[in-house]
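**Q** I have a structure I would like to understand better, so I am pasting it below and will then ask my questions one at a time.
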Amino acid sequence: MAAQKDQQKDAEAEGLSATTLLPKLIPSGAGREWLERRRATIRPWGSFVDQRRFSRPRNLGELCQRLVRNVEYYQSNYVFVFLGLILYCVVTSPMLLVALAVFFGACYILYLRTLQSKFVLFGREVSPAHQYALAGGVSFPFFWLAGAGSAVFWVLGATLVVIGSHAAFHQIEAVDGEELQMEPV
């Protein structure tokens, strides 16, 4: 018991533990497990952003090799870069924040209503999937006014540029016990 507490203190001394970083609102299940696996396999941010490790690839073969290897090696880091870009996009767009608030507010109201009694519309019981579709339909005009479509494409484009640039220009690290194979041209 004491050894387990010492290990937990050591992990917290290194940084925030995965359980404190994950929001309590994410329910237990596949999504939470996936996010915990991503958090557990994240590479050190120091080596991820080390400026001395960036250089121009010598040829197209090296570029392709870097892209494949870095995307595989830094996959979890890239997921968090993507999530950071989404957060940046939402925070810097007040109308998108309003649209998200309307959508999640409608979902929350429907959730509270189903706790009290079943939702009946025109004499028929409405399933939870249809209720959330109704919430999406109600909030759709707000998303349209907020320019959510352009925000989605901005996030995708920015992600491709940032991750693609990093993967192309970051030098490949030799993994323990594995050396790079050079083929003659």
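Yeah, the Cβs are placed from backbone N, Cα and C, and that goes for glycine too.
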**Q** What range among 30-54, 55-79 does Swiss-Prot describe as region 'Required for interaction with prenylated RAB3A and VAMP2'?
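**A** That would be 30-54, per the region 'Required for interaction with prenylated RAB3A and VAMP2' entry in Swiss-Prot.
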**Q** Are there residues at least six beyond either end of the transmembrane segment (95-112) with Cβ under 8 Å to its Cβ atoms? List them, or say none.
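**A** Distant contacts of the transmembrane segment (95-112): 89, 119, 128, 131-132, 134-136, 138-139, 142-143, 145-148, 151.
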**Q** Count up the helix, strand and coil residues in the topological domain 'Cytoplasmic' (113-131) according to DSSP, in that order.
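**A** Grouping H, G, I as helix and E, B as strand yields 8 helix, 4 strand, 7 coil.
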**Q** Across the topological domain 'Cytoplasmic' (1-78), what does the pLDDT come to on average, as a whole number?
**A** 74
